[in-house]
Ligand code: GUN
């Protein structure tokens, strides 16, 4: 993987760059739609490409390992072929899913024993077998196996967990050398900074991660319930330590406002279920604010869903029609809303990039942040 830093903003820490992998170019800053089980919920691969223009999507090791399971993915020739997606894929390692399982997992030095949410069967993840699974999936970017600490998290636990994540990272790196790629192209390993909301731990973790000289670096353990100010403080501190010439990925963030604020702090890549999950509940993000399409006020509003929107659904359908689809609980409503929201998120990061390059990012961001918190 190559990363070219094209511009650093003079008024903020925002960056515009370009990642090149064997599955194409990713212009940064980028938002990555989440396709947990090999499907961005409700959205066709064709729509992701032609309408939303996503350069990269996410898959999840935990979910894909449980279903369809690695032998099927290998038989298919990897996840790209299985789902017919020839652009980039990043796989999360399972570190976050395992954290979400709470009562149904046990963390030890060796790895994590967990109970499947599908059939209750027991499984074990270690840095070694997660690397093998990520090889079988064939993602362009593989995340290291880590522990995502909850919030709040007591200092002693955060410290022990951070050191465990670091030891697991070393095991990931050592094991990858023994397992070559299965499909003939390079796969990058991104290590993950942890350390909860503690500045000394975040500093130590960022320095440790930076010393590994990976193709790119990630920030984990944020957006888990901490106040946003604390998230921004941690992001900024970590970005200031991570190498400038490598992409920085903030995991699991966030709202459109969080996206712009974190870009301003030096983040290049983000992902979140929010645009698709909230779409399925009738929440639409726009440049002018948030629309709850289930609201009665849209019942007879025959204006386009979003006259300034960037996907065909925005002007093809009306608000009244979309509201009706939600009222009738039709699949199509959730699909339209998902395309709209992803189209908006991808437009937002592309526009951010354009503004960074033009030198007008800060003014633009200030205006966007004010507008996007409106309730329409
Ligand atoms: N997704 C959101 N946060 C995290 C994290 O801390 N670790 C991993 N592996 N995935 C995440």
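Don't overthink the numbers, they just go from 1 along the chain as shown.
Cβ atoms here come from the backbone N, Cα and C positions, even for glycine.
TrEMBL labels come from automatic prediction, so no person has curated them.
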### Query
Among 38, 42, 221, 225, which residue does TrEMBL name as a further substrate binder in the site formed by 92, 93, 94, 95, 96, 146, 194?
221
### Message
Which range is it, out of 266-270, 271-275, 276-280, that shows up in TrEMBL as region 'RNA binding'?
### Response
276-280
#### Entry: recorded positions near ligand 1 among 93, 94, 96, 146, 271 (Cβ under 6 Å)
93, 96, 146
### Query
Around the substrate site recorded as 92, 93, 94, 95, 96, 146, 194, 221, what other same-chain residues have a C-beta within 8 angstroms of the site's C-beta center?
98, 99, 143, 144, 145, 147, 148, 192, 220, 251
### Task
Mind looking up the mean pLDDT for the region 'RNA binding' (276-280) in the predicted model?
98
### Summary
Its residues classified by DSSP, the region 'RNA binding' (252-258) shows 3 helix, 0 strand, 4 coil
### Task
Check each residue in the chain of residue 194 (substrate binding site) that is at least six apart in sequence and keep those whose C-beta is under 8 Å from its C-beta; list them in sequence order.
146, 147, 148, 149, 158, 161, 162, 165, 201, 205, 220, 221
### Query
Between the binding-site residues 94, 95, 221, whose Cβ has more other Cβ atoms within 10 Å than any of the rest?
221
